[in-house]
Amino acid sequence: MGLIGIGVGMLGFLTHQIIDCLIKLKWKLVENYLQNGNFHMTWICILGSGLAMILVSSGFVVFFCPAGVPCGLPEVIGFLNGASIQHIFNIKTFLGTFVSCVLAVASGLFCGPEGPMIHLGAIIGCGLSQLKSDTLGIHLPFFTRFQNSADKRNFITAGAGAGIASVFRAPVGGLLFTLEEVASFWDVRLAWQTFFCCLMATFTTDLLSSSLDGFVYRGHFGFFEAEKGILFWVKNLLDLSILAFIPTIFLGILGGLLGALFVSLNIKINKLRMRFFSSISKLFLRKTSKLLDSMMILVCTVTITVYLPYFFPCTPVRTLRTSQLKNNTEITKQFKKEIAEYTCTPATPWIGPDGVKYYNQTFNQAAALLAENGRRGITYLFRRGTHEEFGYTSLFTAVVFYFLLSCWTAGSAVASGLVIPMLYTGALYGRIVGLILVSIFGVQTNGYGAWIDPGLFAAIGAASFVSGVSRLTVSLTVIMIEITNDVQSLLLVMVAVMVAKMIGDWFNLPLYSSLLKLKCIPYLDSEPFASQRKKWLNLELFSARDVMEPCVRVLHLKEKIVSLAQLLANTSHGGFPVVYKSEPDQAEVFLGTITRLELCMLLENEPIFETETNEDTFSCDLLLSYQKITVEKLPDPPRTTMLLNHYSADPRYQRLFINLEPYINKSAVSVQAHFSLQRTYIIFRTLGLRHLTVVDLQNRVVGIITRKDLMPFQLEERLGLQLASQRLDLDE
């Protein structure tokens, strides 16, 4: 766990540093053009560099990643739930996701590195715990104790939590995020292990960031500055009034409504994408179309971010004393020849009546909100005491374009995250609400009215929109406190988050659940839900036989090689029940199960084949070890297919058998046919099963239940037929 945390922390530091360097380099190229007001050359240079980044970013995803799609958080959630998803922890996927994420964020798209960092953390958790790579041909003889599905799942869970902890410098938030959103199986032991992993990830990122900035050593190694460690540090905490809960509830309602709209719109856009791409028959043209889609999004984004600020005048920054600038490096840098200054005149110093040097700084509101990267823009919006720094026009313009473009970007062929865009969108409309309160009540200087601050409601609005989209509650609240250090507004954030979740749940599913459904990833919720005619069904009134698959292919303790080869060649089942007779005149009863992969591995070892004469004995010397037959995928699928065809065609294998008894899982779970469907579902999901055998009162196999049989649409279809049959019987 410590190694995983350190690895994810180093990767998080590297990701942020590369993104910041590329963004600075990109805008430095057009600094002279901006000062001269040459917007056309600015647009050409920014678009050219952005298109080069997107070409590589999307190209890595489309042509380099094995899956050909930007794998991310939905795939990790589905895998940890028990679904079998190929290539998501491949070394190629790691490289493609990392390069794509860094270049996509730096290119200017409205996205962030959070989702890909969770995926990258999960890949590191998988790779460092297993110390093997089929792509590179690496199989180190260490950590063999952890080379099983349960431990692998735990390490992946911890790696995903470390990813969110590193990117937000929020170790507790990373732990709670995995508990609330990522993991399907949880216990106290995994909790403290994940907590330690998140701690190491955050510590490593902070340690490296303490002395390195842009890969240049700045000194002070090991000195953790609050401004670097806390992502959106809020310096001035405000005294609150109970009246602050009124606009907070309104923001929660607004966050729930806009969050549900965002989810609905994003799913419709992605469905349209999938329908369009699937209509293209040629693979190369389909991949090229995905590449062009990402490039078209960038063209629209860059055009808006470059030309739109031209229509906004320069706004004076609140007067800053020299002493304040010395004590606050962040304020010093915020408008110093940065993008927010845009075409405004540079700051000029002047001496006030008190003999202190002041600066007349101006900035472009639209440039600060649209052209700046998301992290810096959120910092502007969260700052307290800046009541009139942003006007209604710039805020409304930014929230509309950010909402639409981030919704369009999510799901394109680049590795991108949504948390920063969600925080930004919520902060924009939250600041609008705060500005409305300032317009009504004015700027309050007394302690009782200090809570009327647009920066406070920007943070609350950010939390409400993230909750409206993702429906997170506990982890989101903790993350908001960790990234702002604003403990004083804890209750307000909690209220906004809860209201936004309840409002959003009235309209649709959370974004990640909707994406799981859209990508056809079989995900089992903690509780089964099935409806018929808009009424929820009580699954306690149904039994396992109502959803089981009755036609089951069973195996015996001794099977012919030819029969096994034909069975594997003609079916795609993942597992088979094994039956036996204790006495010749008795029925065949259920003994255990064996998986398809285990059967394939057994058939690849011809020395264990035996003749029919060896009825009940087998040699211990020829037994295969557990590690040899328990694999996650076949080492050489073409060779396995060739062997199966060879066994089926060669007559001498008609007389050879294989003894399955040493290799079957005799602890396999089974339920009786009359067992409650509600409890059958809970057993299946809680134990992380792939197959559940259904037996009768005499322990004879009568059916089998797999993951697809418990999916909501399958439950509704089969239980609907069951109810229709019951109504027909009653009518008769």
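Placed from the backbone N, Cα and C atoms, the Cβ positions cover glycine too.
Unlike curated records, TrEMBL annotations are generated automatically.
A quick note: this is a predicted structure, and the numbers were derived from the prediction, not measured.
Within the listed segments 215-238, 455-478, TrEMBL records transmembrane segment for the stretch 455-478. Residues in the domain 'CBS' (664-721) partition by DSSP class (helix H, G, I; strand E, B; coil) as 24 helix, 16 strand, 18 coil.
Put simply, of 6-23, 44-69, 89-111, 390-410, 455-478, the stretch with the most CB pairs closer than 8 A to the transmembrane segment (422-443) is 455-478. For the transmembrane segment (291-312), the most Cβ-contacting stretch among 6-23, 44-69, 89-111, 455-478, 490-509 is 44-69 (pairs under 8 Å).
With a threshold of 8 Å between CB atoms, the same-chain residues lying at least 6 positions outside the transmembrane segment (490-509) that come near it are 240, 244-245, 248-249, 251-253, 255-257, 259-260, 263-264, 456, 459-461, 463-465, 467-469, 471-473, 476-477, 480-481, 517. No contact links the transmembrane segment (6-23) to the transmembrane segment (240-265), because fewer than 3 Cβ pairs that are 6 or more residues apart lie under 8 A. Beyond its flanks by at least six residues, the transmembrane segment (390-410) meets 109-111, 258, 262, 265-266, 269-270, 297, 300-301, 304, 308, 312, 315, 365-366, 368-370, 380-381, 416, 418, 421-422, 424-425, 428-429, 431-432, 435, 454 of its own chain at Cβ-Cβ distances under 8 Å.
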